[in-house]
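The structure appears below as structure tokens.
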There are 2 protein chains.
Amino acid sequence: MVALVNAVAARKQEDREAKLSAYREWRISVPDGPIDLSQYPLSKLTETERAIVQCDATLIVELIRKRVYTAEDVLTAFVKVAIVAQDITNCLSEVCIEEAFVRARELDQHLEKTGKVVGPLHGLPVSIKDHIKIKGLDTSSGYLGWAYKNIADSDALVVKILRNAGAILYVKTQNPQTLLSLETDNNVFGRTVNPFNRNLTPGGSSGGEGALIACHGSPMGVGTDIGGSIRIPAAHCGLYGLKASVARLPHSGLLGSHDGMDAIVGCVGPLATSARDLELFCRVMLDAKPWLDEPALLEMPWKRAVESEQSLPGKLAIAVLFDDGVVAPHPPIMKALKQYKDALVHAGHDVIEWKAVDHQNGWDLIVKLYLLDGGAEYHETIRAGEEFEVPQTEWMLEHAQRRDPYTPAKIFKLNSEREAFRSKALAHWNATSQFTVSGRPVDAILCPVAPTLAPPHNTTRWWGYTSHWNLLDLPAVVFPVDRFKATESAIYSPLPSSRNDVENFIHDQWDPATYDNAPICLQLVGRRHNEEKLLAMLNVLEKAFRDNSL
Amino acid sequence: MVALVNAVAARKQEDREAKLSAYREWRISVPDGPIDLSQYPLSKLTETERAIVQCDATLIVELIRKRVYTAEDVLTAFVKVAIVAQDITNCLSEVCIEEAFVRARELDQHLEKTGKVVGPLHGLPVSIKDHIKIKGLDTSSGYLGWAYKNIADSDALVVKILRNAGAILYVKTQNPQTLLSLETDNNVFGRTVNPFNRNLTPGGSSGGEGALIACHGSPMGVGTDIGGSIRIPAAHCGLYGLKASVARLPHSGLLGSHDGMDAIVGCVGPLATSARDLELFCRVMLDAKPWLDEPALLEMPWKRAVESEQSLPGKLAIAVLFDDGVVAPHPPIMKALKQYKDALVHAGHDVIEWKAVDHQNGWDLIVKLYLLDGGAEYHETIRAGEEFEVPQTEWMLEHAQRRDPYTPAKIFKLNSEREAFRSKALAHWNATSQFTVSGRPVDAILCPVAPTLAPPHNTTRWWGYTSHWNLLDLPAVVFPVDRFKATESAIYSPLPSSRNDVENFIHDQWDPATYDNAPICLQLVGRRHNEEKLLAMLNVLEKAFRDNSL
């Protein structure tokens with residue numbers, strides 16, 4: 001961890017440390033040597049605790065409801081791991097473990113007394129990304145200038161719904177300076193690292209979530225995504241993560257820059273260790289009718305009937321995107337795509353190739369939409385509280401080159417370009433009906449999450465495999481396929497020749513040793529507002545893959 | 001009609017005249033004297049034609065399908081009336097009657113040959129507001145500078161769906177300069193007047209539709225609404241009109257200013273002579289899955305199950321808004337509200353008063369959102385093609401006082417204010433549960449459409465009863481109650497004292513004689529995305545009113 005000399009940062013870190021030290025007896029020393037410490041936090045748990053933290057959220061709530069475990073048992077196990085996960089990865093920001101135990105005991109008593117759970121998440125510990133407000137906790141959101149100035153006086157809507165459903169809030173997790181980053185580094189708490197390989201980033205901006213859940217320090221986390229910020233940490237940490245369509249899931253009560261920016265809107269969403277946990281999260285959120293609290297949300301209940309595989313066509317039509325035309329992915333990702341493709345073909349699904357639609361233009365456009373004000377607000381917020389921009393902030397803000405803020409006329413023009421871009425992509429999708437056996441357009445697109453596995457710190461350079469779907473406002477889910485072993489690298493084919501500087505940079509980076517032990521994940525992209533169908537299809541895809549691997 | 005000396009305007013008007021003159025034998029001279037000419041176009045029709053044009057759209061398509069009338073019979077009747085309606089009100093812009101008859105005969109032959117209709121609107125003539133593109137027709141959209149420069153090379157999506165459903169396009173209708181007006185006046189074709197009283201405006205911006213349909217020159221028209229532009233013409237012309245939630249109905253393929261402006265988005269919607277025709281329009285639009293063509297649209301099919309009254313609570317909870325706290329409505333509107341309230345109470349519904357939420361602040365905010373660029377684009381477009389702003393344009397653009405365009409930071413702030421405004425109003429709606437007998441929040445709000453009946457030309461001064469629901473993005477439907485007779489004015493109570501300059505102006509305007517023969521309409525406002533329920537409730541309200549009037 002980089003030592004931070006700033007007094008405010010030091011105080012933030014001491015405060016966090018103090019709250020964790022209260023549970024000193026659970027702490028274990030972390031070895032310095034190994035790059036892979038992902039399994040380390042489990043090493044000192046009891047058998048039962050180890051069983052608990054390896055359950056997914058769906059199973060945990062079932063076992064609490066059936067009184068196999070108490071909420072306190074469950075929280076204890078996850079807290080023990082979370083403390084070690086923090087020591088390994090620097091994934092936490094705020095801590096409210098004491099309050100969490102009070103709540104766990106309350107919930108246990110309630111169940112004991114009434115025989116009933118308070119809601120579908122009764123007793124489930126859930127971790128929350130830093131810039132999502134939890135009443136009573138500081139919300140520095142990665143800015144030193146905001147530290148101790150934003151004690152939340154209310155819960156974000158997603159937190160309120162989680163609480164009402166019986167979830168237990170116990171930690172908040174790290175996000176990067178500006179939030180507009182696919183790594184996780186800031187001047188408040190420093191950098192978060194990847195538990196599978198500490199030389200690599202866990203991704204960002206929900207990187208604290210990724211690192212924590214990968215260590216089994218949380219069964220379910222809440223992140224946000226405006227360019228890949230849920231999906232990249234899920235991918236780099238070997239998890240499931242869902243970015244829904246804009247305005248399907250609760251989004252109010254966040255504290256970040258650019259409040260009121262409409263041109264590109266982010267999404268709150270879950271990271272978890274199973275696909276069914278993503279469904280669980282969505283069901284709980286939409287059963288709460290959040291549109292009665294947050295006017296921007298769509299009145300679109302969770303369609304249980306669609307969620308089941310029975311509602312899908314017997315054979316799916318899937319388009320596979322191997323290369324976005326800008327940066328071809330590294331060999332392990334290409335291999336995973338091919339394996340999935342083979343499995344789908346073997347299972348009789350209708351598989352075609354997805355021809356990429358203008359990923360470079362899409363990136364050029366979305367960066368303009370991210371930085372309508374030329375980066376002014378980011379620069380001002382940083383300048384007000386800290387001395388330097390972290391490297392990924394610098395890289396991003398260079399895209400605007402400190403130009404003047406756009407005029408309304410220019411903003412209208414960019415919005416029109418965005419709609420034209422979306423129209424073109426939608427027509428492209430509809431036109432896949434010409435290439436499928438069924439004559440239907442494809443049901444989903446299978447594609448990389450990024451051109452590389454979790455990259456070394458400060459080297460993330462291409463967002464085009466994730467930000468593209470934000471630009472199009474399509475739901476996208478990330479899921480794990482495998483873990484990369486550098487020793488097996490001989491089987492990979494050589495990289496194609498580079499087409500541009502970014503691809504050059506990323507292809508030069510390819511060295512199997514660098515990525516040893518990094519998770520391999522893929523991404524499935526659905527039609528807008530079809531989150532239920534997307535998750536149902538993911539089940540079908542994973543089954544086909546498992547069956548083909550036997 | 002004001003004589004326009006501009007050569008381009010003269011040519012536009014001559015072109016329109018030439019196309020109408022082709023049907024000279026159907027033309028009848030229009031008397032100069034009477035202010036009410038609404039029934040005049042019917043006077044020279046055959047019995048059958050008169051019967052046809054007095055049917056609503058739902059009945060017309062049924063009678064064509066049952067081969068009681070041919071599509072050509074129907075088109076002939078409506079064209080005869082439309083030509084006279086034009087002479088009375090100046091409601092038309094572009095004309096494609098010849099092509100319409102070709103299509104009508106094609107449709108008749110198809111039905112004759114196959115025994116089947118091509119779609120649910122087989123043979124229905126539908127009129128289209130000028131700025132909505134029809135392939136091959138000019139789209140001057142109320143700007144002289146655009147005349148002859150915007151021959152549409154494709155249909156707007158709404159037009160495409162109408163055509164596919166079997167509708168016949170035959171005329172486009174007048175809209176005002178800038179479209180940001182609740183009257184209908186421009187320098188291309190001049191002013192449109194109200195057929196019930198030609199000293200009054202038919203409203204705007206879909207004023208050509210209002211005037212034409214009121215004369216029975218069209219059974220169904222398509223308008224647009226960003227501040228009242230469907231509802232005001234419906235109200236001033238005694239019709240039904242629906243503004244749905246943003247992004248429920250097709251909206252692509254319009255030609256107007258501020259393309260790409262996201263802060264407040266307009267809606268395409270129907271004007272018609274029955275509530276069930278509004279449903280018919282929505283069903284046809286959403287059955288076509290328009291979200292597969294226009295990426296901004298919600299994938300939210302038309303919920304037939306909700307459309308029926310059976311899905312409603314046995315007793316509705318309705319809030320009545322009598323006064324928005326800025327401009328109390330004129331006595332005939334207050335009387336209509338009271339009559340409706342009495343009828344609802346009499347039918348056993350749960351009726352409470354709706355306390356207005358910041359209509360003045362809402363107006364101040366939405367005007368800023370309308371004019372983010374300080375009016376620059378409007379000024380430029382007008383300056384490029386014509387010599388003067390029509391009075392209602394001048395009045396609107398004065399709100400911006402030619403200030404500088406807003407910065408992105410200011411725009412973000414205004415968007416946040418908009419969301420805060422929406423949150424406050426939503427909480428207010430939810431809190432009505434404290435006042436209802438059932439303990440449920442109210443199902444809908446019953447309110448005026450405007451503070452006056454159709455006002456004299458160039459005197460529209462208060463949008464707060466319509467623009468408020470655009471700001472909140474709530475669906476709202478207008479429906480007719482009665483026609484005002486100046487001779488009955490003695491029964492009305494005096495106006496309250498004025499609270500501000502606008503109310504002063506509007507109260508000073510109250511003189512029963514001014515509004516003689518003007519239609520009286522009211523507005524029902526529903527929850528966002530609940531258009532089906534809104535229309536189902538309207539049926540219940542109208543039935544209660546009819547039953548109570550017996």
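Every residue number used here counts from 1 along the chain in the order it is shown.
A Cβ is built for glycine as well, from the same backbone N, Cα and C atoms used for every other residue.
Positions annotated as domain 'Amidase' by TrEMBL: B:73-535. The annotation active site, charge relay system is assigned in TrEMBL to B:Lys129, B:Ser205. Positions annotated as substrate binding site by TrEMBL: B:Leu179, B:Ser205, B:Ile226, B:Gly227, B:Gly228, B:Ser229. Per TrEMBL, active site, acyl-ester intermediate is recorded for B:Ser229.
Positions of TrEMBL features highlighted on the structure.
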| residue | record | Cβ contacts under 8 Å, 6 or more apart |
| --- | --- | --- |
| B:Lys129 | active site, charge relay system | B:Lys172, B:Thr173, B:Asn175, B:Ser205, B:Ser206, B:Gly208, B:Glu209, B:Gly221, B:Val222, B:Gly223, B:Thr224 |
| B:Leu179 | substrate binding site | B:His131, B:Ser141, B:Gly142, B:Ser205, B:Thr224, B:Ile226, B:Ser229, B:Gly256, B:Ser257 |
| B:Gly227 | substrate binding site | B:Leu180, B:Leu182, B:Ile366, B:Tyr370, B:Trp463, B:Thr466, B:Ser467, B:Asn470 |
| B:Gly228 | substrate binding site | B:Leu182, B:Val449, B:Ala450, B:Trp463, B:Tyr465, B:Thr466, B:Ser467, B:Asn470 |
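Listed in sequence order, the residues B:Leu180, B:Ser181, B:Leu182, B:Gly204, B:Ser206, B:Thr224, B:Asp225, B:Ile230, B:Ile232, B:Gly266 complete the 8 Å Cβ shell around the substrate site centroid, once B:Leu179, B:Ser205, B:Ile226, B:Gly227, B:Gly228, B:Ser229 themselves are left out.
Around the Cβ of B:Ser229 (substrate binding site), the number of neighbouring Cβ atoms within 10 Å comes to 34. Highest local Cβ density among the binding-site residues B:Ser205, B:Ile226 belongs to B:Ser205, counted as other Cβ atoms within 10 Å over all protein chains shown. Among the record's substrate binders, B:Leu179, B:Ser205, B:Ile226, B:Gly227, B:Gly228, B:Ser229, no two C-alpha atoms are more than 11 Å apart, and one pair sits at exactly that spread. Looking just at the domain 'Amidase' (B:73-535), the mean pLDDT is 96.
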